[in-house]
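*Asks:* The structure that follows is given in the form of structure tokens.
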């Protein structure tokens, strides 16, 4: 008889989460506090105005991540409950983990970490990278593996973001480079290291149904509506924030229309692909983030949105199958097409906008805003400084791709540890593995069998 492991896999998740939450409680009890109430009425009024200015945007981002992104990932018909739960769990776990790391690195003064809404916002932006990255390995990983991805990715993101924004001085108010490009290639690195070079046939439970595609499209619509808040929340209030909102809306409107055109032209019968519409209509929001607050003409935002949609749709149609054939690279949710390719396009566009603006008028002005929420200012660019800044934009892109890919490969190798219990192939993409769904386990019409139900209980993680 085989000797059972010291910790049964299905006990590993509550044990690890319980230890994490307990350690976090101790950390907050000893080291985290709020700022003292302000004595001067003028100072209190300034803080109140800042709160009322940022909190509506913050709420929009909450809806995007919890509802919109969760529903976007429900295109797998028998994995919707797992996707929504894992997305919700990872958001909370990663945000708390980022609060600890950010507090120790940036906000630790006189033995205390002073917590405010801005700290929570930047921690949640770190969690966004995790939610995007795990899309590459969705359905074939256990919750413990996903938590390990979050544990590894958050500190790497914080280091990458500091290098790109603080050290290199890259302008990226909407996170095109620091969030979208970084998270995409981190996720692809995890996928490559975890699944190796083995060619995996199409799983029978991967095929979307009309109902699952409809839910996913609802998620797209929610993300589309609230995306301007995600791009504009860290902009300086006033002209820069106004510009960012307008440019984002224009880019996403153009990407939506262009997605319909491109998808229809690529299909022989002229019909639309749901996956194209679910992702291509959001591509403009990804690409515009690096230039959203810059002084450019409205036609530039429309053009960038259209180009990003074309790149996204062509990626789904041609590049993804090529990467599967040549590199055996699994990208379950197509994060390379939605976040990687439009992100690269947006980074290149930011360098072009900086150069063009400096040539249009001597000492033209671009909005310079730190994605970490630092002081924002309007700065004048001469040709020489514009050239240096354009090089910084390209260098930041290279750092984001290279650093995230290397870190993702290392994290993916760690996910192969036996104790993390990767789901058996026959139960991948199935809620039965993680949830007690008696009706589904007994209903052959939904694809469940008694044998699968018994195996789910045996192998549950």
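The backbone N, Cα and C atoms fix where each Cβ goes, glycine too.
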*Asks:* Could you check which of 372-393, 394-415 is flagged in TrEMBL as transmembrane segment?
*Replies:* 394-415
*Asks:* If I go by TrEMBL, the feature transmembrane segment sits on one of 88-108, 277-297. Which?
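*Replies:* Matching range for transmembrane segment: 88-108.
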*Asks:* Give me the stretch from 54-76, 88-108, 120-139, 339-357 with the greatest number of Cβ pairs under 8 Å to the transmembrane segment (12-34).
*Replies:* 88-108
*Asks:* Before we move on, state whether the transmembrane segment (394-415) and the transmembrane segment (146-165) share at least 3 Cβ pairs under 8 Å, counting only pairs 6 or more apart in sequence.
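*Replies:* Contact confirmed: at least 3 Cβ pairs fall under 8 Å.
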*Asks:* Could you tell me what the rest of the chain brings near the transmembrane segment (120-139), counting residues at least six beyond its ends with Cβ under 8 Å?
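*Replies:* Non-local partners: 54, 58, 61, 65, 69, 73, 76, 79, 83, 86-87, 90-91, 94-96, 98-99, 102, 145-146, 149-150, 153-154, 157-158, 161, 175, 179-180, 182-184, 186-188, 190-191, 194-195, 203, 205-206, 233-234, 330-336, 339, 371-373, 408, 428-429.
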*Asks:* Go through the chain and flag residues at least 6 beyond the ends of the transmembrane segment (146-165) whose CB is under 8 A from any CB in it; none is fine as an answer.
*Replies:* 13, 16-17, 86, 89-90, 93-94, 97-98, 101-102, 105, 126-127, 129-130, 133-134, 137, 172, 177-178, 182-183, 186, 190, 370-372, 396, 399-400, 403-404, 407-408, 410-411, 414-415, 420
*Asks:* Using a cut-off of under 8 Å between C-beta atoms, tell me which stretch among 54-76, 215-233, 245-266, 339-357 contacts the transmembrane segment (177-195) the most.
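*Replies:* Against the transmembrane segment (177-195), the leading stretch is 339-357.
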*Asks:* Would you kindly list the residues that approach the transmembrane segment (339-357) from elsewhere in its chain, counting only those six or more residues past its ends and only Cβ-Cβ distances under 8 Å?
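*Replies:* Result: 132, 171-172, 176-177, 180-181, 183-185, 188, 283-284, 286-291, 294-296, 300, 304, 307-308, 311-312, 315, 319, 364, 366, 381, 386-387, 389-391, 393-394, 396-397, 401.
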